[in-house]
Amino acid sequence: MEASYESESESESEAGPGTQRPGTGTVSAAVREHLRKLCLREFPCGAGSWNKSRFLPQTWRTWRELVPREEDVVSPGEETVEALLGLVRSRHSPWALLNNSNAEDSFLRELAIRNPLTITDTFFYSYFRSLRVIDKKVTLVDKDLLKFLKLEELVLSANRIKEVDATNLPPTLKVLELYGNEISSMECLCAHPPAGLQHLGLGHNKLLGPLESLYVTANHWPNLVSLDLGFNDLTDLQSMVTSLRTLRHLRLLVLQGNPLALVPYYRGLTIDSLAQLCVLDDITVSPNEKHLFRGLSLNGDLLAQEAQFVVTIGNIRGVLDTSVLDPEPRPEGPFITYNYYVTYDFVKDEEGEMNESAGVLAEIVKPSPSLELLVEESPEEVVEDVIEDIVEEVTEEVEGSLESEVEESGESELSVISGPSTILQMPRASAEELAKLRLRIDPRLCPSPGTVLFSTAHKPWAEVIPCSYEMQHSLRDLVPLKAFLLAGTTVTIVEEKILSWPVVLPAVDSPLSAKKGKGEKDKKGKEKDRTGKGEKEPAKEWKVLKKKKEPPKELRQDPPILQVLGRGLVILEPLLAGEPLVSTVCNFGVVRTLTSDRLTLARDSKKIKKVAKKEKPKAVIPIYEGDYHPEPLTVEVQIQLNQCRSAEEALRMFAV
């Protein structure tokens, strides 16, 4: 028989059935409180005026009077047993059981109606074989549990127990479930554990470190058949399986959710080390698995304890083509380019990834210097220095700000091509520059504490932008990795807008008078050359003017303007729960508009006509508002946890 208890708030009323009530927060107090709520000694249960004639002393009656007569079966003002049972069985009765009650509660109430004199403390202590105290804010396993002489199962899930005094556990106990508590070490359970315990459940507690493997040996649990240590912070797989090997009766084991279960060879090493194991992490161990990982435990100490993840980012769809909304560039600029990329955060690694990720972070948040010259560079090339270099560059610019004003002296040949020269304004102070920099950094592009930001390559706009990104993360610090997987990773689609301006290099070393004389001399020389060449010079000048609208080769770039187009969380907890792959399409909603798509269609149709002049141009299908269904902004994300499929693969990839 058993009694189950669901989550309810405790009451301050007097407890029953005993005369004394233990302190709140103990197991026995929770049991007594539940029994009190069953009202086993109150109407319609128990003995009272409603059934007293059935329990009057019978010694003074003659033997003829002991035979019940029809009219004397129920005295006036009393209820029959059937009527009382109907009151507790009917759902509409005010004495009906609560919704979260079970069959055991119903049995006890009916017993209290049929034979209320049996409801005593002695009865309860000998009656219960199973106690379930779930989510009752219990903090202490008290010694009153020893009064339950036949107790075999004790379930204390979802409470606040930090330590368990094993001396207070009944020696008859076979099942002890402590799932979802706050136990930080198994040492407290090993003082005087029940010798006949067959199942121990410690899932979702706070077990931490490699020393916990010392407390899962046959010296403490000689008859253990089932062990649940899932979702703790256990780290040393080799030590754990070495200790578990001593449990000869162990058949069911749960270790998933621990950092040690993230290593690629976890399942193979555990299966090969525990030959008698039947079920691991709720998955039956097959003979084929035993064959594939045979011999792996002999080389377990040679395997590196690290987890490997592969992050793949596919296509971006539904991006708004912002360039069609910008005006045509003028000769003096600015020339605007747009790039798009995806960022995600991942937990820090000790060695390899730190150098690369620092460059990625600087690429995202650091503006290019105001005087940097980019000679025929593609828009995808960006600055790769770390953020700390900004302060040094700003200091150098401030020192050179005294020479920032340069007088113009005539028009040069470069001004004919690129338009009027622009005087570059230096920053006035480093504080102002840093203040501007802070404004340019979107807080959504900064990684959360303990993580590093990674980015795909910067790509120009297209209907479908292929990222073709794949990154392998190898991590040795497994405890922070578990915390990261529980939190998930944030995926962001970023639009980068870069404004480029033509650069005019003024001659600083020549005085004004010398420039003027030189200008007249050059003018005369040009006229002489033009006379010798005849009418060829005007044609050349016309070609130069014709190329006036082309962007110059030497440009300076403004700091990139970043805009977050979409941002969302990718849940990674399934990887911790045993799933090898998380694959999703992040949907950030529709960002395109009918106007922008019409402009994009018109621009693309012009390009097609220019390329295929000789061919018959294809008819452009117009976009009507009624049929307009824009594609939402999406990106394909896949994160895979590497897992070894055989002992040979594990030794080849992870042997030190």
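Cβ coordinates come from backbone N, Cα and C, glycine included.
Pulled from Swiss-Prot:
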type     : residues : note
REGION   : 1-25     : region 'Disordered'
COMPBIAS : 1-13     : compositional bias 'Acidic residues'
REPEAT   : 150-170  : repeat 'LRR 1'
REPEAT   : 172-193  : repeat 'LRR 2'
REPEAT   : 196-215  : repeat 'LRR 3'
REPEAT   : 223-244  : repeat 'LRR 4'
REGION   : 512-554  : region 'Disordered'
COMPBIAS : 517-544  : compositional bias 'Basic and acidic residues'
Which whole number is the mean pLDDT over the repeat 'LRR 4' (223-244)? 96
Please spell out the DSSP helix, strand and coil residue counts for the repeat 'LRR 2' (172-193). 4 helix, 3 strand, 15 coil
Using DSSP, what's the helix, strand and coil tally for the repeat 'LRR 3' (196-215)? 6 helix, 4 strand, 10 coil
